[in-house]
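Chemist: The structure's right below; bear with me while I get my questions together.
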Amino acid sequence: MEVFYYVVFGALSTIVAGLELGKSGKDRVATTSAFNSFKNNYVLVYSLMMSGDWLQGPYVYFLYSQYGFDKGDIGRLFIAGFGSSMLFGTIVGSLADKQGRKRACITYCITYILSCITKHSPEYKVLMIGRILGGIATSLLFSAFESWLVAEHNKRGFDPQWLSITFSKAIFLGNGLVAIVSGLFANLLAENLGFGPVAPFDAAACFLAIGMAIIMSSWSENYGDPSDSKDLMAQFKVAAKAIASDEKIALLGAIQSLFEGSMYTFVFLWTPALSPNEEDIPHGFIFATFMLSSMLGSSIASRLLARKLKVEGYMQIVFSISAVTLVLPVVTNFLVPPSSVKGGTISFGGCLQLLGFCTFEACVGIFWPSIMKMRSQYIPEEARSTIMNFFRIPLNLFVCVVLYNVNAFPITVMFGMCSIFLFMAAILQRRLMVVSDLHKSSTKAQEMIGEDEPLNP
């Protein structure tokens, strides 16, 4: 069965390489040197920020267990991180619109570096502070950087269509290649060089510091609504009003929460799904395979966006496919008899699930640049960071509930629930396309009436 992992990894590598090397003129967009310089600067910073995040992932749970904490203690630490992102992260992230997006990005670096430093302490209270800081940093990572990019892109007068190029490249490298290299580098530091499980966190702090230096030296500041008349509560009201009054924004938030909630739940479930009887599976290699699948998805997304296909249209298919992939564990549990033997290699049912999970990760790779593209279209600039953090409230609440009850339901029930959520996302995506088309038609009709009025006084 070990050969199976290499075959899957090799096949994905070949497809990704073929897609990237085989891009035709239709898959490439002619841009300017000024834009390319701007794009490369952002992609470099984003990759450094994501490396600071990815380096920590493989060893968070292991480090806590090495300090002697049991599953319940560790679970509470994880809940604190998501809870912090939901509460404090929403407030801090929303300040980016008023205090400046560049300043918020620097705050992310400082906050996450402090979180990394706390990993040197075996004290539970110190580690809890680190998780709270990490939760705040996560909210900034997934709102401030994108908000800065969109505002700066528009301020410099670049073609709005070129935003999708930056999004796709950032996801391809930051969420794909960097994730794979970070996992291997973390393993090198902790295992091969023998520096222990804290070493990846120290490396993450170094990469974050480098990224912060680039931000401070090369980024300009931009704001959402810097007026002194609006305090934090006023910003919240503006964001809430925008979501309540514009169905497109509300639908986008619901779609994002449903998909990302399912995605984060999948992160906790894939290991027990592939090794229900404690089968010996190469976790690091499988993780790298998932990230390669995500790279495949982002490569596909870049082609779709370059050809100016309607995002609202093809994402319905993506959500439907992802829903089918996460129902596979439920199907295989009934069709393929589970083995009663402990240990051993991955089962036949596990192989089928792994292929399905790789397909799901490819959908994740398509999702990120596509949702970024839709957010740039629908979310108003003056409250962009605030609204994006509002979207993360139900997501973080959902993940906290899942983490708290992860042992209360069978794994098939959890996957079935995620599959239902993804089908709901597909339905809401369909509704978003209909509402968007109606809005465009109405706007076009009003413009035509406005042009005719001078001719008919």
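Glycine residues also receive a Cβ, built from the backbone N, Cα and C atoms like all the rest.
Automatic prediction, not curation, is the source of TrEMBL annotations.
In case it's useful when we look at the structure, here is the feature table from TrEMBL:
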- 6-22: transmembrane segment (TRANSMEM)
- 43-62: transmembrane segment (TRANSMEM)
- 74-96: transmembrane segment (TRANSMEM)
- 129-150: transmembrane segment (TRANSMEM)
- 170-189: transmembrane segment (TRANSMEM)
- 201-219: transmembrane segment (TRANSMEM)
- 284-305: transmembrane segment (TRANSMEM)
- 317-335: transmembrane segment (TRANSMEM)
- 347-368: transmembrane segment (TRANSMEM)
- 411-428: transmembrane segment (TRANSMEM)
Chemist: Under 8 angstroms for C-beta pairs, at least 3 of them, ignoring pairs fewer than 6 apart in sequence. Is the transmembrane segment (43-62) in contact with the transmembrane segment (317-335) by that rule?
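Modeler: The answer is no, given that the two segments have fewer than 3 Cβ pairs within the 8 Å cut-off.
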Chemist: Sequence gap of 6 or more, Cβ distance under 8 Å, 3 or more pairs: do the transmembrane segment (170-189) and the transmembrane segment (347-368) meet that?
Modeler: yes
Chemist: Out of 6-22, 74-96, 201-219, 317-335, which stretch has the largest tally of CB pairs under 8 angstroms to the transmembrane segment (129-150)?
Modeler: 74-96
Chemist: Might you confirm whether the transmembrane segment (6-22) is in contact with the transmembrane segment (317-335), defined here as three or more C-beta pairs under 8 A between residues 6 or more apart in sequence?
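Modeler: No, the transmembrane segment (317-335) does not contact the transmembrane segment (6-22).
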Chemist: Which sequence positions outside the transmembrane segment (411-428), separated from its termini by at least 6 residues, show Cβ-Cβ distances below 8 Å to it?
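Modeler: Long-range Cβ neighbours of the transmembrane segment (411-428): 251, 254-255, 258-259, 261-262, 265-266, 269, 272-273, 276, 316, 319-320, 322-324, 326-330, 333, 402.
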Chemist: Do any residues of this chain, six or more beyond the ends of the transmembrane segment (347-368), have a C-beta under 8 angstroms from a C-beta of it, and if so which?
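Modeler: Non-local partners: 1, 4, 8, 12, 167, 171-172, 175-176, 259, 263, 266, 270, 273-275, 277, 279, 281, 286, 289-291, 293-301, 304, 314-315, 318-319, 321-322, 324-326, 328-329, 332-333, 335-336, 338-339.
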Chemist: Have the transmembrane segment (284-305) and the transmembrane segment (6-22) got at least three CB pairs under 8 Å, pairs 6 or more apart in sequence?
Modeler: yes
